[in-house]
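Record features (TrEMBL):
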DOMAIN    26-212  domain 'TLC'
TRANSMEM  6-24  transmembrane segment
TRANSMEM  31-52  transmembrane segment
TRANSMEM  72-92  transmembrane segment
TRANSMEM  104-128  transmembrane segment
TRANSMEM  159-180  transmembrane segment
TRANSMEM  192-213  transmembrane segment
Amino acid sequence: MPVLEVICSLIGWLCLYLLFCCTFTQRGPEWSCRLVTLCHGVVIVMLTAYVVFVDGPWPFTHAGTENTELQIFALAVCLGYFFFDIGWCVCYRTEGPVMMAHHAASILGILLALLMGVSGCETCGVVFGSEITNPLLQTRWFLRQLGLYDSLLGDAVDLLFILLFATVRVGVGTVMFYCEITSPRTSLIMKLGGVVMYGLAWVFMVDIARFGYKKSRAKYKRWIENQKLKEINTRKLDGHSDKSD
């Protein structure tokens, strides 16, 4: 268990948060925390992408194998952040039970992989799939705070978020879940953890699908209303020109 690496990671994320708090004094603590979350999302996605796609081994075929040094480092960096984030969420009470359950399951899964010394490759794969949508989620929040969400950029962020979540976290995640469950090397406790994470992914997917449906319906209604207004204005202009003639 790389205790020192996890502690250094926790201290690092905490120092970054304090730096943001001192820099953006008028924005409030959530602004600084979201910036830390955004930084973590970008860093951990790039790090786990290298672990999964370049350094290896391939998680779909080597689930349950012994952890490599780079896998341990990536998981320690991620675990330190999750300790910081769950502490912040408990302190400020900003998240609901589902998100807190996701945080707790993530911490437990990474802890088990580090303590047992195995299943690092599929755990890094799960972290990659879970965090790849996080920068978009934070971007959406910042756009709302800056008053830029109701724009083409906001629509693009939402669309990309939904597509990535559905294809990576649910689509590829289903394949990963099957490989982990059927792997003879993966321990029972890690398989149970996979069941929990996969179940939470579907809970989030249902919420996202509802959000996408409501937003699409609202935009369609707005488009219909705009078309009707254009038709009314066109008729008024035509009537005015007829009277002039």
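Cβ coordinates come from backbone N, Cα and C, glycine included.
Given the structure is predicted, the values throughout are model-derived calculations rather than measurements.
Across all of the domain 'TLC' (26-212), the predicted model scores a mean pLDDT of 89. Scored by C-beta pairs under 8 angstroms, the transmembrane segment (6-24) has its highest count with 72-92, from the stretches 31-52, 72-92, 104-128, 192-213. Residues 98, 101-102, 105-106, 108-109, 112, 122, 126, 130, 158, 161-162, 165-166, 169-170, 173-174, 177, 180-181, 186 of the same chain, all 6+ positions outside the transmembrane segment (192-213), place their C-beta atoms under 8 angstroms from a C-beta of that stretch.
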